Amino acid sequence: MPEKSAQPVMEEEVETFAFQAEIAQLMSLIINTFYSNKEIFLRELISNSSDALDKIRYESLTDPSKLDSCKDLKIELIPDQKERTLTIIDTGIGMTKADLINNLGTIAKSGTKAFMEALQAGADISMIGQFGVGFYSAYLVAEKVTVITKHNDDEQYIWESAAGGSFTVKPDFGESIGRGTKVILHLKEDQSEYVEEKRIKEVVKKHSQFIGYPITLYIEKQREKEVDLEEGEKQEEEEVAAGEDKDKPKIEDLGADEDEDSKDGKNKRKKKVKEKYIDAQELNKTKPIWTRNPDDITNEEYGEFYKSLSNDWEDHLAVKHFSVEGQLEFRALLFVPRRAAFDLFENKKKRNNIKLYVRRVFIMDNCEELIPEYLNFIKGVVDSEDLPLNISREMLQQSKILKVIRKNLVKKCLDLFTELAEDKDNYKKYYEQFSKNIKLGIHEDSQNRKKLSDLLRYYTSASGDEMVSLKDYVSRMKDTQKHIYYITGETKDQVANSAFVERLRKAGLEVIYMIEPIDEYCVQQLKEYDGKNLVSVTKEGLELPEDEEEKKKQDELKAKYENLCKIMKDILDKKIEKVTVSNRLVSSPCCIVTSTYGWTANMERIMKSQALRDNSTMGYMTAKKHLEINPAHPIVETLREKAEADKNDKAVKDLVILLFETALLSSGFTLDDPQTHANRIYRMIKLGLGIDDDDSVVEEISQPAEEDMPVLEGDDDTSRMEEVD
């Protein structure tokens, strides 16, 4: 266009528009509120550029001529320290005049109001892109923004605003940009860090390193260059020339030597000067590893990516790289770390370590809906082709796409663990670190409970120092055995020596040792495995394989000891629900079992140690205790004889209480009044040593109530104790 007409057109065609009210309000909020993470503006502008490039690439699929105006699809960043500007250029689809006016100011996006409400409610500014208003984040760092854009179907236009409630649009008759958009940020004085090479690289690496188009940073730099003095400083040249004239009489004409001198002279007349040049650096050369074919990726590459993703100093233990195609399309790369984080189950910790990308654009890294809590140790990335780029947390919660992604991720994780289980050594390392997660999964994830139960490993009465699976246990079950037997407790030694496993071990029945607190919660949900019920050997109603003769013998013993059971129940009263003859004891005189639906002793211990426990629940879950006596034990047999001879014998009452309290301890319970129990033991020791009560001062210190602890009588009782022993 002729030069003379350019100026009038510029003046005439500058149009001023007012920002739509909600947008003006949003900009005011962005400008006047302090935000610590202002760097997200660059992520949003690069993301917008990537979207524009996606659009032109899509259009070119049906009409290749769309790319004629510019073949290369790219993003460029140009900082200018002198002018304090940062320019973001893309060769995307560009905007028409109407697009400029509508998209950048006069028509509010649906998310504008929602984002302002979220901001005022304390949401992070970094969520701005999820509401479709990411462009306005430019005003976090810029006092004025200029947008130059060219669409294939329109002329080149300039949009400009200093956020004063209005913006201008005018035709641009300057240098053509071909196609695309050029955003020039005139930075605020205190935001000049964003023209520094190091800072720009840092922000791009953090937020946009996996954008699917090359992002090139153009930096003006200086370098030293050797130049001839004729090309350099003329004044020095003249001085040298004057010096040469002065020295001319001394120069001899010696042929070859003259050539050497002239060479030396030429060398001396070189000088280093600084020159400016543009250094172009591609910032996202690392193409997303998850978009590549898994067959082409080495373990070293996976290891490097895992370390950069997780900041872990160790290599990963296992990796799963897969893509899902069809109605839904996404790629995922999942890693199992070598060790569990120390704060894995802390409530304040972010719920997962999987980064969510949408078409290579990072969306968020703590999307709770992406993976269940019990898999929160898995690290990796998920890149969806179907989710919208401007998706919010609220939308994610309702997203059917995300639910399908989640289901696939869980399935693939379980497949990965199953594959890992085939390598015994590596699975042992994995299980040591993450067994709690599997058990938590069994408690929470009913759909995958069967698969998760295959991953469990336990010590058993027959496994020695090796942990075995439930499948191994079932394969070793006796033909007459109907159930899977287990016992819960604090340590392997404690449960192995427990009175509850005596009969089972004698009969050659394998018992699973569950010695982690979370096992109690796990077996509440894992009722059966492979059609076999899991049965606790510490609860009432234990069914053991027995023949008709054994059943008949048991019935006879029940009848024989029925009276003793009644006497013991009367003595213990509310402390116990009932007293029965046991079928599980061999060498112990008695034990305390709990009701089928009540807590085990181990669970009661765990619940008592909870800082925020509910005491009302404690009441009814711990109330039902049953005392089981061993009819084959001499203590019980002798006690029966004495009780039948005189059921009001005070020694019988004292011995029954002592037996009960000792059984509580050996069965894993705690005593409500340990001091009274201790005093009973001390008095037994005194009797054994022949010490008279009058010689002791212990009674003066703590004399229990007479009704709680009947007085034992002198020598006669000593002989009784000998009989019991």
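Any Cβ shown, glycine's included, is placed from N, Cα and C.
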Swiss-Prot annotation (region 'Required for homodimerization') - matching range among 420-470, 522-572, 675-725:
675-725
So for ASP90 (ATP binding site), how many other CB atoms are inside 10 Å of its CB?
29
Around PHE135 (ATP binding site), how many other CB atoms lie within 10 A of its CB?
21
Just how many other Cβ atoms lie inside 10 Å of the Cβ on ASN48 (ATP binding site)?
23
